[in-house]
Amino acid sequence: MENDMETATMTQDYHIANINLADWGRKEIEIAETEMPGLMALRKKYKNAKPLKGARIAGCIHMTIQTAVLIETLMLLGAEVRWSSCNIFSTQDHAAAALAQKGIPIFAWKGETEEEYWRCIASTLEGPKGWTPNLLLDDGGDLTAHTLQKHPELCQNIRGVSEETTTGVHRLYRMLKEGSLKFPAINVNDSVTKSKFDNLYGCRESLIDSIKRATDVMIAGKRVVVCGYGDVGKGCAQSLRAYGATVYITEIDPICALQAAMEGYRVVTMDEMADSADIFVTATGNTDIITHEHMLKMKDQAIVCNIGHFDNEIDIASLQDYQWMNIKPQVDQVIFPDGKRLTVLAQGRLVNLGCATGHPSFVMSNSFTNQVLAQIELWQYPEKYPIGVYVLPKHLDEEVARLHLERVGAKLTTLTEKQADYIGVDPEGPFKSEHYRY
């Protein structure tokens with residue numbers, strides 16, 4: 001694949017790898033649309049009303065085929081956008097090219113340097129003729145943090161941000177506590193139709209896909225440590241066990257640890273398993289989960305990867321002085337002084353997007369339908385959202401699920417008036433309290 005780095009000119013407001021990939025990208029976007037019923041339903045519902053007319057959205061989320069469907073949905077609903085990727089390895093260059101060919105300002109390519117990554121984010125915050133954003137759409141919190149720290153003058157015109165992932169939500173709550181958050185935020189991650197679907201079912205498929213593409217290793221019979229048993233860890237553990245691995249879990253939370261034990265997993269510590277496991281997967285959203293000391297103990301040819309947002313769950317920095325042998329894109333062997341080799345996937349960054357193509361379109365339709373609804377909420381009803389961190393109301397969460405039922409052949413039972421009265425709900429929902437745990 002060519003990588004001639006198409007850059008912006010007087011008539012081209014984008015920076016991507018190769019515009020010649022656009023036709024391939026467009027074909028895959030059209031296929032993805034058939035698997036994203038939630039977004040397509042929003043297009044049909046709002047194509048005339050244009051509820052995002054006047055919105056100028058700066059987006060920072062993995063520039064994939066599925067994200068292309070999201071971007072074009074936002075635009076069909078009236079928004080203008082400028083976009084970068086939230087990970088240096090996650091861009092699908094044909095997706096970026098397909099959008100750039102249509103004149104959409106995209107600043108993303110697979111294999112950015114750190115410096116290029118931040119320059120791409122900066123490019124989304126200002127455009128021709130004084131363009132600046134009045135909404136943000138973020139994944140991981142880098143766009144939000146960059147805006148607050150480097151461009152505070154923009155904050156007074158920003159109606160809010162919708163945040164996609166656990167790591168970004170943690171950062172939002174920290175900023176709110178510190179008083180540095182200057183606009184409202186909607187926590188999309190904690191919508192049930194995001195966290196219980198994207199995080200769990202998405203990872204259940206994309207983790208194995210990425211390990212297989214990267215290594216061709218036999219999963220059956222392997223001892224695998226999954227660090228973290230939240231929704232992401234749960235999905236990873238399910239798929240690894242289904243392939244015949246013996247799965248071990250590390251956890252800090254006694255509730256999650258007990259859940260893992262009740263599912264039949266061994267709950268252990270990294271210190272206990274570092275010298276005996278074959279594959280290690282971090283899924284915590286935290287730092288220093290696999291340390292240099294752990295990696296010194298690991299056996300030859302152990303595989304190390306991360307499916308959390310950032311690259312600090314595994315202490316990759318401590319390996320930089322060792323010899324690295326590249327096997328293929330995003331697959332490296334790190335050779336220790338004693339000759340031992342560890343296989344490191346995606347340099348410790350998101351393995352499912354570095355070594356594969358991320359989650360399937362259908363589950364991303366759940367997440368991205370939430371994102372569109374969050375953007376509409378922030379744009380249409382700013383008076384409802386003083387500075388703070390919010391989740392979408394239950395009726396919208398249920399609506400997202402409802403939009404996806406037909407695609408999987410599911411039919412709902414309808415409550416009678418008597419039944420609805422008996423349990424104290426409206427026949428049309430919401431059917432659960434805000435505090436219900438699915």
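Positions of Cβ are set from backbone N, Cα and C atoms, glycine also.
The annotation substrate binding site is assigned in Swiss-Prot to T64, D139, E164, K194, D198 on the grounds of sequence analysis. As annotated by Swiss-Prot, NAD(+) binding site applies to 165-167, N199, 228-233, E251, N286, 307-309, N352.
Here the features listed in Swiss-Prot are painted onto the structure.
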{"residue": "T64", "record": "substrate binding site", "DSSP (3 states)": "coil"}
{"residue": "D139", "record": "substrate binding site", "DSSP (3 states)": "coil"}
{"residue": "E164", "record": "substrate binding site", "DSSP (3 states)": "coil"}
{"residue": "G230", "record": "NAD(+) binding site", "DSSP (3 states)": "coil"}
{"residue": "E251", "record": "NAD(+) binding site", "DSSP (3 states)": "coil"}
{"residue": "I307", "record": "NAD(+) binding site", "DSSP (3 states)": "coil"}
E164 (substrate binding site) versus binding-site residues G230, V232, E251, H309 - nearest by Cα: H309
Residues near E251 (NAD(+) binding site) in space but at least six apart in sequence (CB under 8 A): G228, Y229, A257, A260, V267
Candidate nearest G230 (NAD(+) binding site) in space, where candidates are the binding-site residues T64, D139, D198 and distance is Cα-Cα: D198
T167 (NAD(+) binding site): nearby binding-site residues from T64, K194, D198, Cα cut-off 10 Å: none
Neighbour count (Cβ, 10 Å) for H309 (NAD(+) binding site): 24
Local Cβ density at T64 (substrate binding site) - other Cβ atoms counted within 10 Å: 25
From binding-site residues V232, I307, H309, the one whose Cα lies nearest D139 (substrate binding site): H309
Spatial neighbours of D198 (substrate binding site) among the binding-site residues V232, I307, H309 [C-alpha, 10 Å]: V232
Largest tally of Cβ atoms lying within 10 Å of a Cβ, found at which of the binding-site residues T165, T167: T165
Close in space, distant in sequence - K194 (substrate binding site), Cβ under 8 Å, 6 or more apart: E164, V188, N366, S367, N370
